[in-house]
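Marked as disulfide bond by Swiss-Prot on the basis of similarity to another entry: CYS15-CYS36, CYS21-CYS32, CYS46-CYS59.
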Amino acid sequence: WPAYPGPNGIRSSVCQTKLGCGKKNLATKGVCKAFCLGRKRFWQKCGKNGSSGKGSKICNAVLAHAVEKAGKGLIKVTDMAVAAIIKYAGKK
């Protein structure tokens, strides 16, 4: 189970800063914001040890790792997608 980022670490604004949302291109901002909000909800629900008492289905180590990894991959993928869209749009 990855380390709980802490009450400050799960904040959407902190997450966005860490991921550098919208720095390279503004299109990543929306995707990034949505991801950071989802991540915040995940950690709020799952807490430090990964369960909200009821053993929620979404609170598992695999998902927690995926959530933390996704942030890093997400921006890269969005940047690539935006670049591809711009390239494609320019061809018409």
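Quick reminder: no glycine exception, Cβ is built from N, Cα and C everywhere.
Owing to the predicted nature of the structure, the values given are computational and were not obtained by experimental measurement.
Taking the C-alpha atom of CYS59 (disulfide bond) as reference, the shortest distance to any of the disulfide-bonded residues CYS15, CYS21, CYS36 belongs to CYS36.
In this structure the C-alpha atoms belonging to CYS36 (disulfide bond) and CYS21 (disulfide bond) are separated by 10 Å. Only CYS21, CYS32, from the disulfide-bonded residues CYS21, CYS32, CYS46, place their Cα within 10 Å of the Cα belonging to CYS15 (disulfide bond).
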